[in-house]
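Asker: Here's a structure for you.
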């Protein structure tokens, strides 16, 4: 869990759904506070995926550099565990320079991993996964779900009998460790050694967010989003099974290039998928376990002042 002790250095979290104005506000804060920005975004980590991720422009990055952007090729995978290790390293470096880490983004799972620590879950084992898949082909996933119910009733109650991926993972964890997924996830890792000031930004009216998402997606298309995905599609080492290609927008454009549906349909589906992502992000934030100060996307100047006031007040109380 997060530490609130004043003996710990300060960090700022600026969270929010996609298209809520996080980047613009972060750049403004970089101009007025002694902060260095760390990206908390599972799409911005990939090189060559600039337009569809709304990655900060070269000009914006020159004004306010973002760490943990463009660190991986799209063929590579990246986990919450990878992020936590990388983010803690960057936070330590920023703190050592006498500055404040400002973590900005909308990948809520990464924030959760950073604040709460990670359960000691084993890495995937392809051999065991293949064996489980083979059994499922013979008996059906419903039978394996019944097996899971005997091993781990709590997980079985949460997992739909048709959710093959989650059934496979829960059984895999048990076969590897001899312990249930429920038991292992109850064990948390180390607490975050920072006093975190948490902010979330979003429009008060969700229809405004929906409109912004549509306008931004159409702007991406004008800027050459399809051509960007075409370059990825031409690579033999990329597929829609990879996390990079599953990113909203990219998946829909990829399916269009594959011939699944037309260009206009890809745009429509991309907008819908982005809105669904925003809804999930807001749901995460509404259920956040630690205190969050909410900001209105339409009041950026006021938001900047509010964060400054909270920051300086926290520093006075140290």
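Each residue, glycine too, has its Cβ placed from N, Cα and C.
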Asker: Give the range, chosen from 279-286, 287-294, 295-302, that Swiss-Prot lists as region 'Interaction with substrate tRNA'.
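Answerer: Comparing 279-286, 287-294, 295-302 with Swiss-Prot, region 'Interaction with substrate tRNA' matches 279-286.
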Asker: Could you check which of 228-233, 234-239, 240-245, 246-251 is flagged in Swiss-Prot as region 'Interaction with substrate tRNA'?
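Answerer: Matching range for region 'Interaction with substrate tRNA': 246-251.
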Asker: Could you check which of 41-44, 45-48, 49-52, 53-56 is flagged in Swiss-Prot as region 'Interaction with substrate tRNA'?
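Answerer: Within the set 41-44, 45-48, 49-52, 53-56, Swiss-Prot attaches region 'Interaction with substrate tRNA' to 41-44.
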Asker: Suppose you had to name the range Swiss-Prot annotates as region 'Interaction with substrate tRNA'; which of 155-159, 160-164, 165-169, 170-174 would you pick?
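Answerer: It is 165-169 that Swiss-Prot annotates as region 'Interaction with substrate tRNA'.
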Asker: Within the region 'Interaction with substrate tRNA' (41-44) only, compute the mean pLDDT.
Answerer: 98
Asker: Around the substrate site (18, 19, 20, 21, 22, 23), what further same-chain residues have their C-beta within 8 angstroms of the site's C-beta centre?
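Answerer: Neighbours within 8 Å of the Cβ centroid, excluding 18, 19, 20, 21, 22, 23: 16, 17, 24, 54, 106, 201, 297.
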Asker: Quick test of the contact rule: Cβ under 8 Å, at least six residues beyond the ends. What residues does that give for the region 'Interaction with substrate tRNA' (246-251)?
Answerer: 18, 42-43, 46, 49, 52-53, 217, 220, 225, 229, 232, 240, 270, 273-274, 276-277
Asker: Least buried of the binding-site residues 18, 20, going by other Cβ atoms within 10 Å?
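Answerer: Among the binding-site residues 18, 20, the lowest count of other Cβ atoms within 10 Å belongs to 18.
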